[in-house]
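The structure appears below as structure tokens.
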Amino acid sequence: MSKIIHAIYNDDDILMNAVKEVRKQHYHIEEVYTPFPVHGLDKVMGLPYTRIAICSFIYGLVGLSVAITMMNFIMIEDWPQDIGGKPSFSYIENMPAFVPIMFEMTVFFAAHLMVITFYMRSKLWPFKKAENPDVRTTDDHFLMAVDTGKSEVKDVTDFLATTGAVEINIMDNEDAH
Amino acid sequence: MYTLSNKVKLFALVFMVLGAIGIGAGFMSVPANTDEVAAMQAAHGDGHGETADHGEAGGHGVSSEAHGTNHGEGGHGSEAEHLEHTLHQMQNRPWSALYVASFFFFMIALGTLAFYAIQHASQAGWSPVLFRVMEGITAYLPVASVIIVVLLLLSTFHVNHIFHWMDPELIDPESDHYDKLIAGKSGFLNTTFFLIRAVIYLLGWNLYRFLSRKYLLHNDNAEDNTWFKKNFKLSAGFLVFFIVTESMMSWDWIMSFDPHWFSTLFGWYVFAGMMVSAITVIAMVTIYLKSQGHLEMVNDSHIHDLAKFMFGFSIFWTYLWFSQFMLIWYSNIPEEVTYFVTRIEDYNLPFFGMVALNFIFPVLMLMNSDFKRVNWFVIMTGIVILIGHYVDVFNMVMPATVGTSWGIGLPEIGAVMFFLGLFVYVVFTALSKAPLVVKRHPLLKESEVFHY
């Protein structure tokens, strides 16, 4: 059974170099835990780009459509009253009055649905059990979890020690790949 | 060092010559009297006949209320008066075309100067590699200032009649054409004060441009950062001066074409259009120079930043355009709304078309982060934005000066080509006068390694 090795670092520059070295050796990095965003870490880890901006754009279009459909039905089709002389004969004639709502609905949908998408994709919700392997990673330590796979555990730990890890722990791999 | 290539020189010359021919042809084809107008209209199949009624209001941007008291209702029906009116519009057209094009290129230079000052005052870390490009573009400012002054002088000496309020009859209580509203504004809108203000604005802007360029050139060979600090203070001071004078300039040189109309956010609106055109031109010149193998310090991230500014200021412009339009449309007060009535009725396509060019197009094209790094994409979007903002200035000036007799023809295209040629010539000559990147600027290193 393969093991998970937790290598702990106390500096983000050393961590970045370690990630590069580990990737060069073709060991598999399960996860990296950091107390703050480390600029460029996703690039050196080779993580794919996020597509959340594309989601947000689509949600914005949904919001715009909701606003237009809603106001067209209420103000133009259902009960086209004369309110203060505003032309309610067609949507386009009265459109300037609807633009503030169209804008706000677009932003509302784009922002909120994007945030909810983020929560769902990163599996965050109230009462969720924290997946923190070491409490120090929320304060001042950085942790890289490396899956040994078919490699010898000792080879991997020795290698990780050379990358500047201040502490190395060997854990059982619970979900055995 | 950049050396002015013969290709650029030839391009500028060809455009100036063709443009001058166009402008000349525009002035030649102006009818001299009402008989010629009648003959032209007959040849056109009386296309203008339908618009005769509101053409009156459209021509001067005068509200119908004011008109009723001045001319009497009888004036509207008369065929002779209509021909007279159309004649004035047609006589204004080549002048307005010249004015719109010269103002458009002037505002690119001025907007660049404001952007340049903002970069110094905010001590931006990304832009020092672009300072010389910006200085090259602002080198057009002195040239444009002279042209603007000449055009304003021609108007004040009544060589042309594009500024309606300059007609002395309007403020003469004895005259048939006495206009109470314009007379009431004559404390501000009189030709002497108008020219004094124009000279103050232009001297202030040109002085900043001259000093800032000088300080930065001194900084290249300095021992310490004295010149840098001086330039920082100067830029901050200039921005205060600029925001006041820019507002007043927009009342004087644009809003006074419609002397019966006023809008509070007009100065900002003109400013937004100015900034977006200026940043677009900075991006285009940078990309051109980079493609020619100069400016190797400039990387995709700089272009990305400029494209973000183009995107952001396009939205800012739209915000102000819409705020101005919607407030006036919503309250629909007759004295304000005529401005938009004439534009929507007589300039429907340019008026709404520019919103597509200046808003929808850049928003969709420049939304994607990757596209902002693709140079030809930025250039293509930039061309659309510049066309859009030319149409914007066109829409601000033309309805008040030529009314329904507008067109995009020889005088307009000729004027744009002439000033484009002049602009390119002046800008690229200025670029060849100094090394393309500043030296030993405190923020230069940060700018060279800038990446986003």
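Quick reminder: no glycine exception, Cβ is built from N, Cα and C everywhere.
TrEMBL annotations:
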TRANSMEM  B:12-30  transmembrane segment
REGION    B:42-79  region 'Disordered'
COMPBIAS  B:45-57  compositional bias 'Basic and acidic residues'
COMPBIAS  B:68-79  compositional bias 'Basic and acidic residues'
TRANSMEM  B:97-118  transmembrane segment
TRANSMEM  B:139-159  transmembrane segment
TRANSMEM  B:188-211  transmembrane segment
TRANSMEM  B:232-254  transmembrane segment
TRANSMEM  B:266-289  transmembrane segment
TRANSMEM  B:309-329  transmembrane segment
TRANSMEM  B:349-367  transmembrane segment
TRANSMEM  B:374-393  transmembrane segment
TRANSMEM  B:413-431  transmembrane segment
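Contact between the transmembrane segment (B:232-254) and the transmembrane segment (B:309-329) is absent: fewer than three CB pairs lie under 8 Å, with pairs separated by 6 or more positions in sequence. Within the same chain, the transmembrane segment (B:12-30) packs against the transmembrane segment (B:413-431): three or more Cβ pairs sit under 8 Å, each pair at least 6 residues apart.
Here the transmembrane segment (B:413-431) has Cβ contacts under 8 Å with residues 2, 4, 8-9, 11-26, 97-98, 100-102, 104-105, 108-109, 132-133, 135-137, 139-140, 143, 285, 289, 390 of the same chain, all six or more residues outside its ends. In this chain, the transmembrane segment (B:266-289) lies apart from the transmembrane segment (B:188-211): fewer than three C-beta pairs between them fall below 8 angstroms, excluding pairs fewer than 6 positions apart. Sequence-distant contacts of the transmembrane segment (B:97-118) (same chain, six or more residues past either end, CB-CB distance under 8 Å): 23, 26, 124, 131, 134-135, 137-141, 144-145, 147-148, 151, 162, 205, 208-209, 212, 235, 238-239, 242, 246, 253-254, 270-271, 273-279, 281-282, 389-390, 393-394, 397-398, 411-412, 414-416, 418-420, 422-423.
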